[in-house]
Amino acid sequence: MKSCTSLVALYLAILAASPLLAQNISQQRKLAVANRLHNRAVQMFNDGRTKDALETAEQAVKVREQVFGTGHAETARGYHNLGVMLSRVGRHAEGREYLEKALKIQQQTLGEGHEDFHDTLRTTGSIAARMGDYGSAKNYLETSLKIARERFGPEDPKTADAHTDFGTLLTGMGDEIAAQYHHEKALAIRRKVYGDKHTDTAESLTLIGGLHLSRGQDEKAKPLLEEALEIRKEVLAHDDPDMAQSYAHLGGLYEREGDYEKAKTYFKQSAAIRKRAHGTRHPGTINSLDHVARLCKRTGEFDEARRTLQQAVQIAKRELGENHRQTISLYKNLAYLHQAQGNSSEAMEIIHDSRRRSLRHVTGAIWGLTEREQLMYLRDFEAGPLSAALTLGLLAEDDPQIVAKSAEWLLNGKSIAQEATARRYLKLRDATDPITAKLFEQLNDLKGELSAFNMPSENEGGFLAWQVQMLKLEYKERQLLHWLKQSDQIDESTDPWVELDEIREALPKDGVFINIARFWPYNFYAEGDDKDYSSARYAAWLVYPDHEEVDVVYLGKAEEIDQAIDDFRNTVEPPQIIGRLAFHALPSEKKMRAQLAAIAELVLRPMEEKIKGRFQWIISADSSLWLFPWSALPLSDGKDAIENHLVTYSTTGRELILSEETYPTSRAMVFANPDYDAILDGSRPPATSIVRDATKKPAAPKTPPKPKTRPVRAKVTRRLQAAAEPDDEEEPHRRFHPVPNGEQSAQMLLPSLRQYLLHEPHFFTGTAANEGNFKKAKSPRLIMMTTHGTFIPLKLDLVDLSGLLGLVGIGKKYTLHTMIQNPLARCGLGLAGGNNPKENQEAVGEDGILTGLDIVGTDLRGTELVILQACQSGLGDVRNGEGVAGLRQAFQLAGAQAVVSTLWSVTVVDSTVILEYYWKHLAAGEGRNEALRSAKLDFMRSKVAGRESTHPYHWAAFIYTGPPERD
């Protein structure tokens, strides 16, 4: 080490003392000193002299900086080398900083097509992935792949390497279908270039086999994994690091087949090779130890399992950090081991710690990912561990401490992606930096384009063309998110965890928080061929104010409960009209009440005794349990729940903790009776003139000018508008029709609304009830929409993706849900011009459909209440733990405090009467949800249109989502 230091000092002294001599030294001599230092650093590193190696590598960088300056390509190479070495010792953030410095220099001096730039991109992307920054990693590796194709050609080995890197990243993000495509591409290139008996060919075979294995396709995995092992045995030494990869995957295969001795042998061989080759720093070493421990647990060798896991945990904490996904996974497995041995308290403590770390990891990891990527990552990383954690709470129902902890795990496990996205958007809206503000504006514009392409069109190129365009738009979105993430305006350092006591303190004294989960119970005691998870179940966690003990109640099998709810939904809204504006015959009250009674027996009766004394039920449902009216469920005494209780819907429960931030509000906005047939001219008449001219017919259509903005938006509008009403012989094109008495209904409600608001609301009707006037909103105090709502359910039709993905040898169809399309682009409200989307898009850049994505892009912070007097405005995609993604959620993501929406199509007569009562109760000082309950009770006691009004179909559709009534 001393000789290296002396060499550097002498060399730098010569340069400083004699500039002329320095100039005459050849470029080769200059590089030779730096390269010699670097080579010595590498040798020291391989000998285990980590500290000396890093010091020498840093000195090599100083030489390059002295000779070439800080903006030269050779200096960038030094930054690259030092960054790689820092990362290899676990200092990933420092290493990445040097690599990103190298990238900037290489981009400026060498250009993006240069091989050095490509190599640094690959390295930086891999390190970003290891740090959990998947958005940045995907940008780096996707760009690297693009450069490789253009620079080296589509069949070059470097292109194959780039495919492999990208496919490995996608596997870690949960996108296994796309990952397999890239590994198949790499395999095809490697077979062609290297032949069948090459280590790189074996690598691709192993990675593809591993993907089959993770999907339970053992019969496809086995021949690929065995072929890879035979290749490696033939061309490699028995202890080569690549052999460890084959042994690990084959160990997993034999574990699945029940040959535990053979599996354990392979896992131990893999661990030994990796430890000998890489030491304990390499992630593969940690993986191998984890495999060994898992297998020991399954075979009842608990002591060995615990020792091995504890060793893996210590290595992961030191090398990867405590909030890394691999470390979190090891903690989770250690907790499962403790529970298998009957140490529930120890298991609880470890799970609690890992759940907190998991939330911090996830909120950081999904920043920079598109919504589709976020949901895939959560499905891959979160679904199993959360189910196992909740299982512990259910098993320990007699242990108050464990039950309370499990309630906290559930509280912090719902709607992670949506909440993180909303929080990010709210911060970005307030960005003062002009560059950040411009990027956010571009992101909002891109969201509009994405909403146009979120459903494939049969008439415009088919599924393949649609998906290609979607991937291009998502690439642009990811780039914008990556640049925004670099902004100083974004602060993700706050701990997102919410304590259970915070919820208890936020609950009203007469309330109970009912948090329901649909999950897959985990078998902590699995042995031999036992399955790890059983079929889905529902359970409810009951949280009370004043630090009372939490109750957990098992509700039953999800299949049975979901079927009962499906039967009810088919009665109130037959499948053929979901997402359409068509009404159907009034369902029988007897049948509807019988179905509600069946649901009550399944989901209410098991917990009724515990909650019947609580007036306010604050319900955070899950999956299908969002889609029926809890207030209409019959109690044991025969009354409807609404008669004894006030029901509030809450997405997660975390929103019960009210923000201390306040926002100034503007005048309320009412949209009613849009002119769906209008062709807009771009003018924006003031709202006050609209009331005066409401009865006038719209002006004659004007000749539309040349296109101004995205014509593609009209495509999704035609699909949403096509869902409006079934075809018939007289009208072959589906259209929005005027809401019957829609404007009269809104006018009737205005006096009560004025009394409540104490000001005159903006009233938009006819051509003024358009997208532009809505999007200009800035925190209106209240919004009421009297128009048609529509939602396109995602049809899980089988689609052959082999042509799209180029998958070799798969020959299988996959369901559309693997694409996880954005539901906020498949819901909308009809506004002016909605029947002429193409013409209006060309004329004014609006298509007449206000989608959920449009709503999320509007600033509604401070908006107290949104009233959706529209059909099916409470519907949307139902996802475990993520709520109902639809119009109701879109308004809340935009910042609105509370939303009144409907679960099925309601008549204007019913909604007008109920809302008339509603405004009167609000004006009398009742709370927003209390007033809705009073309005529905008034409605039930009255006669509307000469008929009795107790039928739940008329009043139960209206639901309130927002904060509960305070004491």
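Each Cβ is built from the backbone N, Cα and C atoms, and glycine gets one as well.
Summarising the annotation, TrEMBL assigns signal peptide to 1-22.
Long-range contacts of the repeat 'TPR' (76-109) within its own chain (CB-CB distance under 8 A, at least 6 residues past either end) are made by residues 34, 38, 41-42, 45, 50, 53-54, 57-58, 60-61, 63-65, 70, 116-117, 119-121, 123-124, 127-128, 130-131, 281, 318-321. Taken from TrEMBL, the feature repeat 'TPR' covers 76-109 (among others).
Feature annotation from TrEMBL assigns repeat 'TPR' to 244-277 (among others). Cβ atoms under 8 Å from those of the repeat 'TPR' (244-277) belong to residues 202-203, 206, 209-210, 213, 218, 221-222, 225-226, 228-229, 232, 284-285, 287-289, 291-292, 295-296, 298-299, 528-529 of the same chain, restricted to positions at least 6 beyond its ends.
Residues annotated as domain 'CHAT' in TrEMBL: 595-962.
Feature annotation from TrEMBL assigns region 'Disordered' to 687-740.
Residues or ranges marked as compositional bias 'Basic residues' by TrEMBL: 705-718.
Helix, strand and coil counts under DSSP for the repeat 'TPR' (244-277) come to 31 helix, 0 strand, 3 coil.
Taken residue by residue, the repeat 'TPR' (76-109) breaks down under DSSP into 31 helix, 0 strand, 3 coil.
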